[in-house]
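Written below as structure tokens is the structure these notes are about.
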């Protein structure tokens, strides 16, 4: 029986794209900072001159899937991370955006075979979003770690095939 696991120490040669929603950038900017900190601490070059990492900004979480799809289809990246924050309001807009963003991001991963980390916060209040982006913890760090694990796992699976 073979057992496959991703490792967090296998960042060399890994190309990562991060797609960030600009809407609620008070939150998404903090998620990005946490994500980049994690990647840097695990050996990914996150400098502006990096050939390992690219960051793409989109208007909002609804637009995350189309940008992620374009990047995944380019063949340049082994893993993508999507970062967004959708905060419930008084209208059904929240439900539409969350549903389409999550379905779209999942479809990109399925259709391209490139892992896409779902880093979209869905909260009832801005306070809850800020707590998840740095006040209590920064989920951006977790999303970076998930990307490293999935990139490493995919490499292990491809090597075995």
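For all residues, glycine too, the Cβ spot is worked out from N, Cα and C.
Under DSSP, residue 86 (5-amino-6-(D-ribitylamino)uracil binding site) is assigned to a strand (E or B) in the three-state scheme. What Swiss-Prot records for 23, 61, 62, 63, 85, 86, 87, 118 is 5-amino-6-(D-ribitylamino)uracil binding site, and it gives sequence analysis as the kind of evidence.
With a cut-off of 8 Å between CB atoms and residues at least 6 apart in sequence, the same chain places 121, 123, 138, 139 near residue 132 ((2S)-2-hydroxy-3-oxobutyl phosphate binding site), listed in sequence order. Residues annotated as (2S)-2-hydroxy-3-oxobutyl phosphate binding site in Swiss-Prot, with sequence analysis given as evidence: 90, 91, 132.
When secondary structure is read from DSSP and collapsed to three states, residue 93 (active site, proton donor) falls in the helix class. Note on residue 93 (active site, proton donor): other Cβ atoms within 10 Å of its Cβ, all shown chains, come to 12. Residues or ranges marked as active site, proton donor by Swiss-Prot on the basis of sequence analysis: 93.
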Cα-to-Cα gap, residue 93 (active site, proton donor) vs residue 86 (5-amino-6-(D-ribitylamino)uracil binding site), nearest whole Å: 10
Where residue 23 (5-amino-6-(D-ribitylamino)uracil binding site) sits in the secondary structure, as DSSP reduces it to three classes: coil
Protein Cβ atoms within 10 Å of residue 87 (5-amino-6-(D-ribitylamino)uracil binding site), excluding its own: 17
5-amino-6-(D-ribitylamino)uracil site span - longest C-alpha distance across 23, 61, 62, 63, 85, 86, 87, 118, in Å: 16
